[in-house]
Amino acid sequence: MSTIIDVYAREVLDSRGNPTVEVEVYTEGGAFGRALVPSGASTGEYEAVELRDGDKSRYLGKGVLNAVKNVNEIIAPEIVGFDVTDQAGIDRAMIELDGTPNKGKLGANAILGVSMAVAHAAADFVGLPLYRYLGGFNAKQLPTPMMNIINGGSHADNNVDFQEFMILPVGAPTFKESIRMGAEVFHALKAVLHDKGLNTAVGDEGGFAPNLGSNREALEVIIEAIEKAGYKAGEDVFLGMDVASSEFYNKETGKYDLSGEGRSMTSAEMVDFYEELCKDFPIISIEDGLDENDWDGHKLLTERLGKKVQLVGDDLFVTNTKKLAEGIEKGISNSILIKVNQIGTLTETFEAIEMAKRAGYTAVVSHRSGETEDATIADIAVATNAGQIKTGSMSRTDRIAKYNQLLRIEDELGEIAVYDGLKSFYNLKK
């Protein structure tokens with residue numbers, strides 16, 4: 001009854017109007033699972049390969065018909081007959097079938113679609129919510145949201161260098177209240193920007209994308225919005241930044257070209273800059289503060305700020321246990337961003353989260369800039385008790401879908417639901 005009898009993929013669209021892969025899995029007993037694969041704008045060079053067709057006559061070369069074909073003609077025959085609850089076995093079979101270190105043959109978008117759809121079908125088969133199926137009865141922690149309310153960098157068409165400026169409503173007693181706080185600050189920010197005569201259009205992840213004079217000014221207007229909403233910055237709400245510095249790192253000069261600031265900085269100068277910002281603003285999290293290959297710079301940043309600021313490796317670690325193990329060994333950063341499509345299977349995703357926790361690193365489950373209505377990452381965050389989630393702003397249905405799923409989960413958990421807020425940053429000295 002739990003045997004997989006059919007796997008089917010199709011080409012659908014993501015939140016940017018670009019093609020992506022959707023996969024459906026069916027079992028002998030009638031269980032069903034469906035999953036859609038996200039896509040990133042700023043991608044690390046060590047990420048698993050997202051297979052695109054390259055045919056300029058279709059979707060500007062971004063079609064995924066080859067990935068769809070790989071599911072339907074190569075992966076499906078391999079996993080039909082598997083028990084749907086054998087997640088690790090199915091993921092391992094697909095990894096071996098691909099045979100490359102970066103899933104470049106079949107495509108991480110093909111493999112991940114199947115991996116997630118299998119999990120959904122298995123949860124349907126056993127009659128459990130996905131978070132409970134994946135995490136067991138210990139799955140009860142709702143994540144602290146990192147809400148991206150100002151977009152810059154490659155996520156927006158403006159002159160702000162840093163890619164994301166986030167609010168973290170750590171002072172809320174429940175996840176439900178954290179969402180309310182975030183929404184109120186978001187709407188207050190819209191009013192602040194409007195009063196300043198600034199653009200209130202939103203970027204890929206639902207945050208505003210105004211032309212501001214500097215990265216510092218972005219932090220200043222967020223503080224103003226927090227206060228306008230009736231909250232205290234540094235108490236109720238903290239700040240976070242995804243710098244995505246690889247996007248403006250100049251490999252030829254070895255410097256960081258911040259066009260919005262009108263400056264080029266060395267690694268040491270960037271660390272000085274972050275230290276200065278952290279003194280002036282209640283910043284609790286910095287992601288990809290230096291280039292993914294600037295390990296010496298990351299080491300310096302960790303030495304200077306690692307005890308009081310969460311330093312998240314995204315492009316640095318790419319949800320890869322080998323990269324993370326190297327970072328842990330060298331004492332670089334203290335947190336990892338978890339993106340399922342960076343590594344390509346749920347099994348490997350869970351292994352990365354487990355490795356991080358064993359080493360005392362935090363794990364932040366994350367969306368991508370090209371998202372869909374699929375809310376699997378919400379269930380993953382609760383299943384693993386990750387403690388933090390980064391899934392965009394308080395606008396755009398592709399972002400809100402994850403928050404709404406978490407609200408449902410909190411409601412379902414009832415009295416056993418846990419929202420740790422500031423405690424989810426367990427490796428920082430408060």
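The backbone N, Cα and C atoms fix where each Cβ goes, glycine too.
As the structure is a computational prediction, the values presented were derived from the model and not from experiment.
Record features, source Swiss-Prot:
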{"type": "BINDING", "residues": "GLN163, LYS339, ARG368, SER369, LYS390", "note": "(2R)-2-phosphoglycerate binding site"}
{"type": "ACT_SITE", "residues": "GLU205", "note": "active site, proton donor"}
{"type": "BINDING", "residues": "ASP242, GLU287, ASP314", "note": "Mg(2+) binding site"}
{"type": "ACT_SITE", "residues": "LYS339", "note": "active site, proton acceptor"}
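Listed binding-site residues near ASP314 (Mg(2+) binding site): LYS339 (candidates GLN163, LYS339, ARG368, LYS390; Cα-Cα distance within 10 Å). Nearest to ARG368 ((2R)-2-phosphoglycerate binding site) in space, judged by Cα atoms and limited to the recorded positions GLU205, ASP242, GLU287, is GLU205.
A gap of 10 Å separates the Cα atoms of LYS390 ((2R)-2-phosphoglycerate binding site) and GLU205 (active site, proton donor).
Close to LYS339 ((2R)-2-phosphoglycerate binding site), meaning Cα to Cα within 10 A, are none of the recorded positions out of GLU205, ASP242, GLU287. A 10 Å cutoff on Cβ-Cβ distances gives ASP242 (Mg(2+) binding site) a total of 28 other Cβ atoms nearby, all chains included. Cα proximity to ASP242 (Mg(2+) binding site) (within 10 Å) is found for the following recorded positions from GLN163, GLU205, SER369: GLN163. Each of the binding-site residues GLN163, SER369 was assessed for Cβ neighbours inside 10 Å, and the highest tally belongs to GLN163. Residue density at LYS339 ((2R)-2-phosphoglycerate binding site): 26 other Cβ atoms are found within 10 A of its Cβ, drawing on all protein chains shown.
The two recorded residues GLU287 (Mg(2+) binding site) and SER369 ((2R)-2-phosphoglycerate binding site) have their Cα atoms spaced 15 Å from each other. Taking CA atoms as the reference points, SER369 ((2R)-2-phosphoglycerate binding site) and GLU205 (active site, proton donor) are 6 Å apart. Looking at ARG368, LYS390, the binding-site residues in this record, the fewest other C-beta atoms within 10 angstroms of the C-beta turn up around ARG368.
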